[in-house]
Each structure stands twice: as C-alpha cells, then as structure tokens.
Amino acid sequence: MILIKDVYVNGKRQDILIEGNKIKKIGEVKKEDIEDVEIIDGKKKIAIPGLINTHTHIPMTLFRGVADDLPLMEWLNNYIWPMEAKLNEKIVYWGTLLGCIEMIKSGTTTFNDMYFYLEGISKAVDESGMRAVLAYGMIDLFDEERREKELKNAEKYIKYINELNNSRIIPALGPHAPYTCSKELLMKVNELAKKYNVMIHIHMNETLDEIKTVKEKTGMEPFIYLNSFGFFDDVNVVAAHCVHLTEGEIRIIKEKNINVSHNPISNLKLASGIAPIPKLLKEGINVTLGTDGCGSNNNLNLFEEIKITAILHKGVNLNPTVIKAETAFNFATKNGAKALNIKAGEIKEGYLADIVLINMDKPFLYPKENIMSHLVYAFNGFVDDVIIDGKIVMREGKILTVDEEKVYEKAEEMYEILRS
Ligand SMILES: CSC[C@H]1O[C@@H](n2cnc3c(O)ncnc32)[C@H](O)[C@@H]1O
Ligand SMILES: [Zn+2]
C-alpha cells in the first residue's frame, strides 16, 4: 500500500491511501492502522490526477527538430515519411522510452498513440510503467494490396496486445486519415472495432488542403463522407485535430459522440489553423487534449497544451471567458479519461491510482492561493512524483522504472541511424 500524507487534494489537505492499482481512501488515514505501507510526505505538495494525452506518435521523439517551419504535406512527404521508412522495432523502442520519460516528468500518466512497430512500443510502455492505448497506424493510399496488409497488421497487433494481458496497455485501431485511407479500409475498421471491442483513433480535418482533396474525390466534407458509410456507428472514436469543421460536421460529431483531441501547438506550428473549441463545447462535445508527435510540437508537455488552450481561444474570440482555467485542465484529465474509457482523470475512491504530486515550493507557484490558476497559467510542467496504476514510477524527480542515462545515450544512437 502507499499512503500520501497531508497532501492538498480536491480543495483541502488530506491523506490518500492506495491499495493495489486503485485509490482506496481519501480523508484521514492513520499509518498505524495499516501494515506494509510506503509513506509519501505530501505536506509541501498538491496531488492532481495524472494527465491524459489523447493524440501522440510517441516514437517521434527521435524526429524532434528535424524538419521545422513547414506546412503539413511538405513536412510529411519530404521529411517525415522518408525518415520513417528507416524505422524498426529497436529504434521505435528507444524513441518510445524517451517519450515515456518526458511524459512522466511532465505529469502525463496515459497516452493515446498511433504508430508503427507496436512490439517495440508495447515493450517500452510496459517497462516505463505508463498507461497507453496503442493503435497500429494504417495507410493504404487507396491500394488494395496495401489495404490487406495494413488490416492484417492491425488485427495482428490487437491480438498481440491482448495476449500481453497487461491492463495498462490497451489495443485500438488507427486508420491514419480520410486522405490516406480508402473507404474499404475504413469500413473494415468499423467492423474490426466492433469485433474486438476497441476504439478508433484517426486524424480528421487537420488542414484545408486535405479537406479539399477529400471533397474533390467524394463530393463531401470528411466527417460527412465517413458518416455516409457508417464509419462512426456503434464505435468509440477519438478524432485528432478537427481544425476546420462545417456546421453539418459538428452535428455529426455531436450525434455520434465523437471525442475530439485538440492539438493546438501542432496546429499552430504547422500553420494548419485553430480548432473551433468554444463552438464544440457549446454543443456538449467531449474535448480532450493531445500533443501530436514531437516532429510537430516539439515536446510532450501537456501542461503547455493546457495553457495554450486556455489563452488561445480567448484571443481568437476576443472573449476571456470562453475557456476558463478549470475547463482547460479538465480537457487533459476527466475528458481524456472519458474518451479512452478508463476510470481515471480524477482523484476519487475506487478510481485508478494515476496520481501526480507537485511540490509547491517553486517561485512561480507563490502566493499559494489559486492553485487551479497556477496549474494552468503559471506552472512549467516539471512535476515531482508520479504514481501510475498504484506504482511509484517517479520519486522526487527521479525515474524509478528505467535507466534515464542509458535512454538518452540510445536516443542519440538511434537518431544517427535515422539521419544517415
Ligand atoms: C500511420 S502512423 C501515424 C503517421 O502519422 C504521421 N503524422 C504525425 N503527425 C501528423 C499530423 O499532424 N498529421 C498527419 N499525420 C501525422 C506520422 O508521421 C506517421 O506517419
Ligand atoms: Zn498526429
């Protein structure tokens, strides 16, 4: 058992008792009453639910800084995809470990990923102690032979992850986007999602260019097109980006309970645009936050997304009340958990013990009055202790699950292979 004593949580100082992978009690807990307990002194700390990143390509930590200041299509076609052709399980494994360290240090406990070489990713997630939803990213480019291969791979990885029997690693399906995946592939994805009871993770409406391509091909906007053949029926979908949406598309997102992953930093950096988040909120749509990969962000610090979300939409709408601090924070916690269907995102009895502690003795966190405001507008994202699934993975800034130095060394080595 783990007992966090005198920590500021849910508005007051109290104790948190963790048993197994769950929060057993919040309130006053006497250590004498419990046997075999590890005590964490929470006096100087606050406890928040671990953050949930709903759109990443985690091994892309190794692509950090390789192609900046470009629009999406040029970035993908001329830089990222040629480099991705050199990937293998080993490179992806080390890139993922680097990403896990970065996320743990910045308070993220769960991520929703779409990428290749899922054996390497799963191994790294397992070792790091993180929680993840992993989808093999499918791209068929409208070619039948490629489609069959991609679908086989996707199914193979769902089975592979299920056989790992690790409750922290959840399989999903990841068709890349409507401009890279055929209707036949997308229809099959809906079928497989129901067959294996897994969610779907897809890029939607990121740029005007891609929407134009889909419209020229199908005569419809992407959400209308996918909806026309039942892609969103009876499945749980996380749609990343959703930057440019028509009223009709917003109606579909609402009707089909599609979860939106807002990635403001990636969208700003690739000059894709700004998603109409206040409009989506008015419709009661579940908005969550993602970083996207490190090629387009260039880090995995979800606290940055929280702050940007809270301030960006104020500026764009000339209205400081459109997204309040707590709303942005909930995007990265409660709403993320809802999207991924996990009992996390809040510190509550019976919930998964995914908890982050922050030492408040930091100059930018004084005076200690409005904690939520500080977390959203003042905090730099460097947290102190992280518990995932009831296990301490970082203590006082030190990662306990993996050898940090070795990961940094290997990351440099893997990068040399990619750029050669
Ligand atoms: C098929 S696995 C994921 C695939 O997506 C690429 N990617 C990374 N960031 C983005 C983005 O913002 N939009 C579209 N595609 C993106 C990644 O490099 C992989 O090839
Ligand atoms: Zn992406």
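Glycine is treated like the rest: Cβ placed from N, Cα and C.
Binding site for Zn(2+) per TrEMBL: HIS55, HIS57, HIS203, plus ASP292 from the candidate set ASP126, ASP292, ASP354.
Distance from the CA of HIS55 (Zn(2+) binding site) to the CA of ARG146 (substrate binding site) is 25 Å. If you average pLDDT over the domain 'Amidohydrolase-related' (46-393) in this model, you get 98. GLU84 (substrate binding site) sits 16 Å from ASP292 (Zn(2+) binding site), taking the C-alpha atoms as the reference points. Under DSSP, HIS176 (substrate binding site) is assigned to coil, being neither helix nor strand in the three-state scheme.
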